[in-house]
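A quick write-up on the structure given underneath.
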Amino acid sequence: MPSNSTKILLLITLVSGVLVSVSSNSWLGAWMGLEINLMSFIPLMSNVKNMYNTEASLKYFIVQALASATLLFMVVMKTLTEDLFTLDENAYTPMIICTPLLLKSGAAPLHWWFPGVMEGLSWENCALLMTVQKAAPLMLMSYLIEINIFTLSIILTSTIVGAIGGLNQTSMRKILTYSSINHTGWMLTALAMGENLWMTYFTVYSILTLTVVSAIKLSGVSFINQTMMTNKEIALMKLMMFTSLLSLGGLPPFLGFLPKWIIIQAMIMNSLAPVATLMVVTSLITLYYYLKISYSSFMISSTEHKWNLTSSKTSKTQSTSALLLSSISLTGMMVCTIISNIL
């Protein structure tokens with residue numbers, strides 16, 4: 001694990017890689033930005049003292065290198081056969097260019113690497129992988145994505161796999177992984193509808209993911225059965241974690257429902273009501289396994305172990321930031337009411 005100064009440097013280059021990729025006016029520049037981003041994230045992931053971190057970083061590097069090489073090969077081949085900057089000569093070009101970007105962002109059916117990598121990472125790196133690392137590939141896809149059979153099949157596969165894959169999981173990391181795959185399907189829909197919708201959804205999704213990860217890290221929980229063994233002293237944090245989970249699932253009173261509501265309205269206006277219905281059903285399945293986690297805490301009378309997990313010493317700054325993020329996710333009811341009154 002790098003020192004704090006090295007971490008800051010790597011985080012700066014990580015974000016700069018995303019900015020280079022997003023602001024580039026050529027596909028070669030976008031590829032370079034993705035490589036800068038990858039080379040900054042690998043040292044953050046790897047840890048000599050932890051074998052699982054090293055294994056996860058190696059898996060991630062191999063998959064991302066494969067996706068980057070495929071993207072570069074496709075772009076070079078298309079520029080050799082067509083004009084240098086126009087990649088929309090035929091209908092297959094968006095599909096060819098989007099495939100390695102879908103692999104980078106972990107969308108189904110190219111999600112096979114995502115759960116294995118997440119399982120070996122620390123919570124901070126899990127948060128980065130689910131939020132920042134998705135920004136550049138999705139933004140690049142916005143230049144090419146359009147509503148067709150290929151896009152709809154990827155969207156539906158991502159939402160269905162993300163919903164069903166998390167049902168039989170006990171690890172909190174894998175549950176958040178499949179939730180992220182489900183949200184990737186929603187973000188691809190938002191991209192097809194318009195970039196403003198995607199920005200709204202991605203911002204809310206990032207806030208909620210950071211909230212859940214910070215709360216889980218503070219409570220020291222890695223598996224579902226440990227949620228009943230957390231300290232009674234941090235009951236407020238426990239409540240905040242579960243309300244944030246339900247918000248991430250898109251339960252109507254919370255903030256997570258707001259972007260889904262906007263996307264559902266946009267899909268109905270674009271005559272995609274059947275697809276929207278299927279996506280809402282998959283969101284209900286994700287809500288089911290979130291409720292499975294938080295079931296014991298929401299009961300008035302529930303059993304608890306006589307022994308509790310000893311939580312690691314956490315600073316007041318971490319607790320305050322987690323509570324602040326959680327309070328943001330609880331403001332969804334007010335935001336939804338204000339927007340509905342405006343509309």
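Cβ coordinates come from backbone N, Cα and C, glycine included.
Marked as signal peptide by TrEMBL: 1-17.
Annotation comment: TrEMBL describes 24-286 as domain 'NADH:quinone oxidoreductase/Mrp antiporter transmembrane'.
What TrEMBL records for 60-80 (among others) is transmembrane segment. Sequence-remote contacts of a segment are chain residues at least 6 beyond its ends whose Cβ falls under 8 Å from one of its Cβ atoms, and for the transmembrane segment (60-80) they are 27-28, 31, 34-35, 38, 41-42, 45, 87, 93, 96-97, 99-101, 103-104, 113, 117, 129.
Annotation source TrEMBL lists transmembrane segment at 147-168 (among others).
Positions annotated as transmembrane segment by TrEMBL: 199-224 (among others).
What TrEMBL lists as transmembrane segment is 236-255 (among others).
If you look up TrEMBL, you'll see 261-291 (among others) marked as transmembrane segment. Residues of the same chain lying 6 or more positions beyond the ends of the transmembrane segment (261-291) and with a Cβ under 8 Å from any Cβ of it are 147, 152, 155-156, 159-160, 162-164, 166-167, 169, 175, 178-179, 182, 185-186, 189-190, 193-194, 197, 200-201, 242, 245-246, 248-251, 336.
Sequence annotations record features per position, and here TrEMBL assigns transmembrane segment to 322-342 (among others).
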